[in-house]
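Report on the structure given below.
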Amino acid sequence: MFFYLSKKIAIPNNVKLKCVSWNKDQGFIACGGEDGLLKVLKLETQTDDAKLRGLAAPSNLSMNQTLEGHSGESLYFMECFQLLCESSWYEEMINNRNKSVVRSMSWNADGQKICIVYEDGAVIVGSVDGNRIWGKDLKGIQLCHVAWSADSKVLLFGMANGEIHIYDNQGNFIMKMKLNCLVNVTGAISIAGIHWYHGTEGYVEPDCPCLAICFDNGRCQIMRHENDQNPVLIDTGMYVVSIQWNHIGSVLAVAGSQKVVTQDKDVNTVQFYTPFGEHLGTLKVPGKQMSALSWEGGGLKIALAVDSFIYFANIRPDYKWGYCSNTVVYAYTRPDRPEYCVIFWDTKNNEKYVKYVKSLISITTCGDFCILATKADENHPQLNAILTEFLCSTNILCNCNLIVLMLFLIVPLFVAMTKTHVIAASKEAFYTWQYRVAKKLTALEINQITRSRKEGRERIYHVDDTPSGSVDGVLDYSKAIQVGDLLKQMLIAGRESGTIQRYSLPNVGLIQKYSLNCRAYQLSLNCNSSRLAVIDISGVLTFFDLDARVTDSTGQQVIGELLKLERKDVWDMKWAKDNPDLFAMMEKTRMYVFRNLDPEEPIQTSGYICNFEDLEIKSVLLDEILKNPEHPNKDYIINFEIRSLRDSRALIEKVGIEDASQFIEDNPHPRLWRLLAEAALQKLDLHTAEQAFVRCKDYQGIKFVKRLGNLQTESMKQAEVAAYFGRFEEAERMYLDMDRRDLAIGLRLKLGDWFRVLQLLKTGSGDADDSLLEQAHNAIGDYFADRQKWLNAVQYYVQGRNQERLAECYYMLEDYEGLENLASSLPENHKLLPEIAQMFVRVGMCEQAVTAFLKCNQPKDAVDACVHLNQWNKAVELAKNHSMKEIGSLLARYASHLLEKNKTLDAIELYRKANYFYDAAKLMFKIADEEAKKRTKPLRVKKLYVLSALLIEQYHEQMKNAQKGKVKGKSSEATSALAGLLEEEVLSTTSRFTDNAWRGAEAYHFFILAQRQLYEGYVDTALKTALHLRDYEDVIPAVEIYSLLALCACASRAFGTCSKAFIKLESLETLSAEQKQQYEDLALEIFTKHTPKDNRKSELDSLLEGGEGKLPTCVATGSPITEYQFWMCSVCKHCVLAQEISNYNFCPLCHSSVG
């Protein structure tokens, strides 16, 4: 950054100033001095010239008000100036304490609270409306400074003895601050200033130091927070009187005086530092004693109170910015983001692109490329294991698109760039990277470039190395490099010692060393690399001829000569890209253009130079842009013409083409010849125009003149010339006057002005216009679609019959009805149908998506859409209708989906509808088993087992039918049945329920039947039925079976059977000891009264003992069937006595129809 004194204001009567403060918002300047002086000033810029903005605009005092009635100390009144103007000031907050005086005051970050400290230790905290919040007397303490933390939770109190105490916002003491900067310091010291930047404009880095504390002996420490154990330490080497951060916390100004060895008196100086303690520069100020400083709200000026004067210094910040391809790239900080906000502003189209970058170091541009150099994350786990140096990275962006991310082993403090190379330099080394291959290279060079990355494209060199161009650089850090600049095949590196080193590219080799008497701050080569411009740290611009051979004082011939031209207070310069003798420079608020080291008249401006080409200088007012960085204005880009271009233009306008041609002949430049060619075209002087285009090597212009020569009429030539110069309205009007609507349409087509093309087409008719009309409608639709004005785009796409873009617009508008109508209007197998179907899928419209997929003959995609949208029923239906092989896996996925949601019955219904009876039966049996374990109603469990068995029966039938068509011949029916049974056997080996599917249903059927018979009084029949339950212990718990059997036997007076049931119950391992004891007690009670012997043999037992095998059981009565005639159910294959079936319409077990 650069700074220079710009203005001085004297205080009347030579009253010495003690303080000065600059209001950040309104721009008022308040200054306090001896004898109660309090003045309020305001500097305002007044100019009608749009180019004179910012620092370049003249400023005058618009307000100079002295506030009367102040006596004694008025040192800190100005800090509450805004409050004095805008709010009432109540009695309790007035400084009327006669025993002490105010020593300091501070507003919190949001401006709602103020803390005032008195010399005797009294502290008052008040609100913005003037009310006291709390007060406190700190006994035995002399206060002199106070500061709020950014979050308003902490107060710092500076003591007269140099100590700093930390309090909370309620006045409670926390601790003393550790002052690392005073280690090994002896003698009396006092605090010169405490300033805590509140982050209102963001921070230059995450966790950036923001609390500055400075003492009068010049020692300073900058902390991240009040408890920072590792602060940044600075020894300014001066007597300090005041410190202050700028508006974004990026620069700390330290004001005071410094002893000079060559002078007896002290010199007033202002030192500038970064938050990390790096020294940015020194500003010397005239006068005897400086007392205070204050920054302007935008950080572009600083006010200094010296004796009875206020000095103003202009600040030219080192913005992070660049310019490439009509795009201004600039970065700024925001309070709501930890990163830098980098904006790519296309000045041609007035469009911008925003990118957020962490820890940005610099922005460098060249051609179409931009480099963002950033500090990489130090905590990256993969990189810290490899690299010991602080890791940095560089992003190259082209058209705002990230092309490549490079990792460097050095901190890229300085970055330079050409069309093929990037050079990054730290203080000790520089790194070369060939990011692009030049278009015109020899085969040898191309072979050399295409070597491996380690050997060819990337190299690193120490500044003390002497590379020959044939070997790689090595890592060895010891000394310091200052800055680099490169152009074409040359690299210049400047060192802090004043040495300039010249290297060749692309094979880096040290060619020459030059010695300067200054420390370079900025280096710049002209377009042919013959001269080097050097701006040193004091703002002095000098020039060095790199190739001149001169004889030094010793008589030896040396290469390189320092030219005589020297300019002071220079903060920016730019060589012309097309002339090695032309350059522009910024000196204070004036721009000078030099030709052969001779200056032209200066131009008043404060802009940063973007580009100097074709005798025109493009400048950008970054100061104005960064006042509102999110909304850059085209007015802040200013173009200046140099004198030769202005003179040539004036000659052409006032004298004529011939005289101007002679002047340009004497002062040739391609831009001047082009100017002459354009003037000749305006007057249709084709001969002169052609010669001028030849001189400026404009082939397109020559072709245009040739085409003009072939035109017959003057009016046609004039229309073409008007179009050439961009006067399209005039050219179109001339075409239409000649009744050449086709040429007018062609002109608008070239310009892409489809709105005007449409208007012109509607004024005529013709077959050829129909296709063009459709094209125009589609182009206008694209115009609106690109700007997301979908509703407008739809109207034009409909007229242009652009179905693809129409579908996109309907989708973006969420007009799904229109999208559905569009799909229905398309023919079958249209290429757009799958895309429309996918649109429906993305918004969950399954039915419409399926319709679209089926219309384009893609049933599999339709099924996939149903699966994706969980429309499984539809998916299964589609799979069945289209006989898809994947139906099995599809059903399995759907079933697992339903089972995950505990929808087992839905899964069973799914399998049943799909004729997957076996899988359905497995799930149904699982439900029945679970319900049986829960001991729910037996009738419900029976129904579940019946349903399971019915599914198994359907499965059996399905297997038999499947085999009927596979076996041919006379015995096909018997063979198919056998084959079906064999296949069932193979498939059912893993499932026992397929062999006896009705077992569960039978068990619960007899269980219910026995209890019904018992309650109805048919005790003998109930006993017979209960005896069947002994075969179903695997289905019904044994305790329930034998309890029911004992009960039925006891009721039937069959105490022998009852005794056997009790014996079984007492032997069950599932019963507890207590339960077994209860059964024993009950048995004892029964069998002490009745002999455990059956009075009569049951019919069932006699049959079983006879050894004739197990007889079929009647499911209606539970009795064995001994007759030859009985009824058998066609579904469950169970039997009922012939005399009993007449009482039933449905099977007692499976409930199928008897008929």
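Glycine residues also receive a Cβ, built from the backbone N, Cα and C atoms like all the rest.
Noted in TrEMBL for the protein shown:
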- 1-73: domain 'IFT121/TULP4 N-terminal' (DOMAIN)
- 84-316: domain 'IFT121/TULP4 N-terminal' (DOMAIN)
- 321-641: domain 'IFT121 second beta-propeller' (DOMAIN)
- 672-762: domain 'IFT80/172/WDR35 TPR' (DOMAIN)
- 995-1094: domain 'IFT121-like TPR repeats' (DOMAIN)
- 1112-1154: domain 'IFT121-like zinc finger' (DOMAIN)
Surrounding residues of the domain 'IFT121-like zinc finger' (1112-1154) on its own chain - C-beta under 8 Å, 6+ positions past either end: 946, 949-950, 953, 998, 1001-1002, 1005-1006, 1009-1010, 1013, 1021-1022, 1024-1025, 1028, 1099-1100, 1103
Arithmetic mean of per-residue pLDDT over the domain 'IFT121-like zinc finger' (1112-1154): 85
Tally of residues which DSSP labels helix, strand or coil - the domain 'IFT80/172/WDR35 TPR' (672-762): 73 helix, 0 strand, 18 coil
Structural state census, the domain 'IFT121-like zinc finger' (1112-1154) (DSSP three-state): 4 helix, 11 strand, 28 coil
Secondary structure composition of the domain 'IFT121-like TPR repeats' (995-1094) [DSSP: H/G/I, E/B, coil]: 73 helix, 2 strand, 25 coil
